[in-house]
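J.: After the C-alpha cells below, expect a handful of questions from me.
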Amino acid sequence: MLSRSGSQGRRCLATLSQIAYQRNDDDEEEAARERRRRARQERLRQKQEEESLGQVTDQVEAHVQNSAPDEESKPATANAQVEGDEEAALLERLARREERRQKRLQEALERQKEFDPTITDGSLSVPSRRMQNNSAENETAEGEEKGESRSGRYEMEETEVVITSYQKNSYQDAEDKKKEEKEEEEEEEKLKGGNLGENQIKDEKIKKDKEPKEEVKNFLDRKKGFTEVKAQNGEFMTHKLKQTENAFSPSRSGGRASGDKEAEGAPQVEAGKRLEELRRRRGETESEEFEKLKQKQQEAALELEELKKKREERRKVLEEEEQRRKQEEADRKAREEEEKRRLKEEIERRRAEAAEKRQKMPEDGLSEDKKPFKCFTPKGSSLKIEERAEFLNKSVQKSGVKSTHQAAVVSKIDSRLEQYTNAIEGTKASKPMKPAASDLPVPAEGVRNIKSMWEKGSVFSSPSASGTPNKETAGLKVGVSSRINEWLTKSPDGNKSPAPKPSDLRPGDVSGKRNLWEKQSVDKVTSPTKV
C-alpha cells in the first residue's frame, strides 16, 4: 500500500508539473494569438481611417469630379467583405478546435477508464458540461464582443489543462498545435495577399484621383478669374483636412497605438527572456553531457592503457620465467655433463691406480730379505704359472665374485694353464732330450694336485698330499703349500707374509734344480694324458 501511495504521489507530482508546463506554453500561445489578432484589428482600423480620409477628400472635391462617390463606395464594400470573411474564418477555426478538443476529451476518458476502471462518466461529466458551456459561451461571446471571447478561451484552456492531467500521451496535442499554427500562418498569408490587393487598388485609385486633379488645375489656370476662389477653396480644404487629421489622430490612433505597442512589447520581452533561459539551459545540459562523454572517454582510455600495461607486464613475466627455465635446464645439463666427465675421470684414475698397484704389489709388497727364492730356469714356466694363479686369485677376492661364478673362473684358469703348458711343450720339443737325474722325484704331482683342486672347487680348503712324501722334495712341497694357503687366507688389503725360505737349498744346488725342472718338463711331454 505504501508503495502504491508513493507511486501515485509521484504520478500526481509529474502530472502537476506537466500541467504547469502545458499551462505556460498555452498562455504563451494564447498571448501570441492575441497579439496577432490585435495587429490585424489595428491594420483594419488604419484602413478604415484611410478610407474615411479618402471619402472626406472625395466629398470636398465632389464639385470637381462627379465619379468620386462611385469609386469611394467600392473600397467600403471591399472592407466589409474582408471583415465578414475574417469573422467567418475565425468562427470556423473555433468550431474545428472545439471538435478536436472534444475528440481528445473522449480519448482521454477512454484511456483513464483503461487505467482506472472505477472512474465513470458521471464523475467526469462536470468538466465535459463545463467545457460545453464554455464553448457555447465562447461562440456567443465571439459574435458579440472580442474581449469576452478572450476570457472564454482562457476558461476553455483551463478546462483543457485539467483534462490533460488524465492523459498519458501528449503526442497528439503537439500535432494539433502544429496544425493550428500552420492554419494561422496560411490565414495570415491570405490576409497579406488581400492587403497587397487592397494596396494595389488604393494605388490605382490615387492615380485616378491625381489625373482629374491635374486636369482641374489646368482648367483653373486657364481661367484667370477663379484665382481667388481657388485660394479660398485651397485654404478651406487644407483647414478641413487638418481638422480631420487632428480629429482622427490624437483621439483614436494615438492612444491605441501606444497601448498596443506597450501590450505587444511586454510579452515579446518575456518571450525573449524565456527563449534565452531555454537556450542557456539547453547549452548547460549539452555542455554537461559533453563533459560526461569526455570524462567517460578519458576513463575508457585510462582503462585501456592499464590493460595494455598489465598485458605487457604479464608477457614480460612469462618471458622471464621462460628464460629462467631455459637457463636452469642448461645449467642442469652442464652439471650433468660435468658430473659424468668427473665420474669418468675418477673411474679412469682409479683404474690407472689399480693397474699401477697391481703392477707394484708383487714386486714391492715384500722386503728384500723376505722375498722368496726364485729358481732361475731357462724359461721359468712354473713361476709364471704360479704368479698368474696368484694374480687371478687376488682379482677374484677383490671383485667379490660369488661361488656361483667359480666354475667359470676355474675353466678360464684351466684354459690358461693348458695354453701355458702347450707353449712350454712347444719350446721344449725343439731342444734335444737330456738324461734326467734318477735321484729326483717327478714334481708333476704337485701341479696335478693344484689342478685337481681347481677342478673340484676345493681351492679354499687345505691341500691334502696325494703323493708319497720324499725327503728331498719335502722342503719344496712345504713352501708351495704354505704359499697357496697364504693366498687363500690373506685379506685383500693385508700385507703379504713372507714365504719360508727352504733351508736345504743352497746356491750350489742350482744345477741340480735345473736338472729337476728339465726332468719335470720332459715328463710332461712324455705323459700328456696326466696333464
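Placed from the backbone N, Cα and C atoms, the Cβ positions cover glycine too.
Pasting the relevant annotations from Swiss-Prot:
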- 20-200: region 'Myosin and calmodulin-binding' (REGION)
- 21-379: region 'Disordered' (REGION)
- 41-50: compositional bias 'Basic and acidic residues' (COMPBIAS)
- 54-68: compositional bias 'Polar residues' (COMPBIAS)
- 93-116: compositional bias 'Basic and acidic residues' (COMPBIAS)
- 120-133: compositional bias 'Polar residues' (COMPBIAS)
- SER123: phosphoserine (MOD_RES)
- 143-156: compositional bias 'Basic and acidic residues' (COMPBIAS)
- 162-172: compositional bias 'Polar residues' (COMPBIAS)
- 200-227: compositional bias 'Basic and acidic residues' (COMPBIAS)
- SER249: phosphoserine (MOD_RES)
- 271-297: compositional bias 'Basic and acidic residues' (COMPBIAS)
- 303-360: region 'Tropomyosin-binding' (REGION)
- 305-372: compositional bias 'Basic and acidic residues' (COMPBIAS)
- SER382: phosphoserine (MOD_RES)
- LYS384: SUMO2 cross-link (CROSSLNK)
- 392-424: region 'Strong actin-binding' (REGION)
- SER395: phosphoserine (MOD_RES)
- 402-412: region 'Tropomyosin-binding' (REGION)
- 454-460: region 'Calmodulin-binding' (REGION)
- 458-531: region 'Disordered' (REGION)
- 459-471: compositional bias 'Polar residues' (COMPBIAS)
- SER462: phosphoserine (MOD_RES)
- THR468: phosphothreonine (MOD_RES)
- SER491: phosphoserine (MOD_RES)
- SER497: phosphoserine (MOD_RES)
- 503-522: compositional bias 'Basic and acidic residues' (COMPBIAS)
- 506-531: region 'Weak actin-binding' (REGION)
- SER527: phosphoserine (MOD_RES)
J.: Take the Cβ of SER395 (phosphoserine) and count every other Cβ within 10 Å, whichever protein chain it belongs to.
T.: 13
J.: How many helix, strand and coil residues does the compositional bias 'Basic and acidic residues' (93-116) contain under DSSP?
T.: 23 helix, 0 strand, 1 coil
J.: Quick check on the region 'Tropomyosin-binding' (303-360): DSSP residue counts for helix, strand, coil, in that order please.
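T.: Residue counts for the region 'Tropomyosin-binding' (303-360) by secondary structure: 58 helix, 0 strand, 0 coil.
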J.: Quick check on the compositional bias 'Basic and acidic residues' (41-50): DSSP residue counts for helix, strand, coil, in that order please.
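T.: Residue counts for the compositional bias 'Basic and acidic residues' (41-50) by secondary structure: 10 helix, 0 strand, 0 coil.
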J.: Please compute the mean pLDDT of the model over the region 'Weak actin-binding' (506-531).
T.: 55
J.: Do you know the DSSP helix, strand and coil residue counts for the compositional bias 'Basic and acidic residues' (271-297)?
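T.: Within the compositional bias 'Basic and acidic residues' (271-297) the tally stands at 27 helix, 0 strand, 0 coil.
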